[in-house]
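Taken verbatim from Swiss-Prot:
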- 9: active site (ACT_SITE)
- 135: active site (ACT_SITE)
- 93, 94, 95, 96, 97, 98, 99, 100, 101, 102, 103: ATP binding site (BINDING)
């Protein structure tokens, strides 16, 4: 039996530069992790089946689940003769912009690597994971990083300054592909990647908060205005900075003082079912 944790990610920045020939967008984003985790357990099977056990019936346990697909890919890649049972204890909200599925897939690749004593490097696992999800390479490492290309090119950055994170997911789900289809690259939107990069380099918390920016945010807000209301609520309640993560709908706020963080948590707790008070990891 092997255990792995799969932490959620948040975007400090997210920019799309151009549409690639392969249909994907060229992206440039800075991400980090927070201490909201899914927990996964892996058991070898006597047959060759892949079985995903998960309590929530709204999360698929078949090939639509990224952890299942990661296991399938790993077993094919290393020509394994045994299957695996994957038990997932989910804490990360689903379809939230927090890369919960990608985190589970990355944890599966790391877990099976240990379970079957394959000895693959993290670089090899990241390359393998990139075949099924653009956030998976980042989730293999779980470090603060600048991700470019489709998300597979990773430059590790300094850990962010210590801070509380208030995560709040409105009662809706958003499909990333649907949001990416609506990107208008002719429309100017300033994403402060360079400022964020320098803020992390200098461990400058105030500059980090000022740099938070996400090109997808206005697109998701145009379809779901409650995202913007939630963000403004956090800022009015004392957040040093706030942003929608990924394609949304989760919004997070940053705070350095615990009392400040609890005030923000209480302010948004009434309007969302899923609100979490966590810490930056990076």
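Cβ coordinates come from backbone N, Cα and C, glycine included.
Locations of recorded Swiss-Prot features on the structure.
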{"residue": "9", "record": "active site", "DSSP class": "strand"}
{"residue": "93", "record": "ATP binding site", "DSSP class": "coil"}
{"residue": "99", "record": "ATP binding site", "DSSP class": "coil"}
{"residue": "135", "record": "active site", "DSSP class": "coil"}
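Between residue 103 (ATP binding site) and residue 9 (active site), the C-alpha separation comes to 8 Å. Around residue 9 (active site), a 10 Å sphere centred on its CB holds 28 further CB atoms from the protein chains shown. Same-chain residues with CB within 8 A of the center of the 93, 94, 95, 96, 97, 98, 99, 100, 101, 102, 103 CB atoms, the ATP site residues themselves not counted, are 8, 92, 246.
Compared over the binding-site residues 93, 97, 101, the count of CB atoms lying within 10 A of a residue's CB peaks at 97. All chains included, 30 other C-beta atoms sit within 10 angstroms of the C-beta of residue 99 (ATP binding site). In space, 99 is the closest of the recorded positions 95, 97, 99, 101, 135 to residue 9 (active site), judged by Cα positions.
Between the CA atoms of residue 97 (ATP binding site) and residue 135 (active site) there is a gap of 11 Å, rounded to the nearest whole number. On a Cα basis, residue 135 (active site) lies 9 Å away from residue 101 (ATP binding site).
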